[in-house]
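K.L.:
Supplied in structure tokens, the structure appears directly below.
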Amino acid sequence: MPGAGRSRERRGSLRARPRCAARRGVAVASGPGARDRWGRGAVFGWPDAPRRARRAAPGPAPLSRRPAGDFSLCESGTPGVGKTTLGKELASRSGLKYVNVGDLAQEGQLYDGYDEEYGCPILDEDRVVDELENEMREGGVIVDYHGCDFFPERWFHIVFVLRTDNSILYKRLETRGYNEKKLQDNIQCEIFQVLYEEARASYREEIVHQLPSNEPEQLEDNINQISKWIEQWVKDHNS
């Protein structure tokens, strides 16, 4: 994401990946020594020392000590895969609060400049995390954003990465009016599973799951699958 941050050491294996663009801020995974080409000085996050300190800061109590229903999840994925539709519908059925980070940033002007190449503001991820911190401590939140690797690990009990076939995704992004570079970078991001790999590098692998999001029928399947997980979580923590 030009103008958006630094990578952690354990994401080094992702540096040869193509980058992704998004409507409000752009997600990037750049290549080795490619600062000029990819603008690596501006990818998810903040300098390593502040990030480590933030991740080590006191967070919600461990699952074993938390009341039932006091949990949160993250849904991520390339723009156009259906995160907003899924998140809002899941929130209406589960009682969780839905937070769209793009909308949050727009409302609070949580930006750190403007990316001329992609024609969009650059997300100030530090301010976004600060804005959400108290809400995430309380739990019961669905967080929706195309990338998730700048959020503290302690926020989420499960992370879902939505995936869409490239031909379908291309048509969806065309209807959004993306310029050709922004469109192609997003398609490449999906082909190389950039956001899925970043999620796996940022959270325990056992809590990161992929969900297909190609057809309307899969929306219902995904909601049912996530709802079953929530129900099981509640049972486990009510016993």
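Placement of Cβ uses the backbone N, Cα and C atoms for every residue, glycine included.
Unlike curated records, TrEMBL annotations are generated automatically.
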K.L.:
Which of these, R154, R163, R176, does TrEMBL say binds ATP at the same site as G80, G82, K83, T84, T85?
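P.N.:
Looking at R154, R163, R176, the one TrEMBL places in the ATP site next to G80, G82, K83, T84, T85 is R176.
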K.L.:
Between all pairs in G80, G82, K83, T84, T85, R176 (listed as ATP binders), what's the biggest Cα distance, rounded to the nearest Å?
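P.N.:
The span, Cα to Cα at its widest, is 15 Å.
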K.L.:
Can you check which residues sit near T85 (ATP binding site), meaning Cβ under 8 Å from its Cβ, same chain, 6 or more apart in sequence, and list them in order?
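P.N.:
Listed in sequence order, they are L219.
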K.L.:
According to DSSP, does T85 (ATP binding site) sit in a helix, a strand, or coil?
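P.N.:
SS state of T85 (ATP binding site) = helix.
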K.L.:
CB neighbours of G82 (ATP binding site) within 10 A?
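P.N.:
22, counting other Cβ atoms within 10 Å of G82 (ATP binding site).
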K.L.:
Give me the count of other Cβ atoms within 10 A of the Cβ belonging to T84 (ATP binding site).
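P.N.:
Result for T84 (ATP binding site): 15 other Cβ atoms within 10 Å.
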K.L.:
A 10 Å Cβ contact count, applied to the binding-site residues K83, R176: which residue has the minimum?
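P.N.:
Fewest other Cβ atoms within 10 Å, among the binding-site residues K83, R176, is found for R176.
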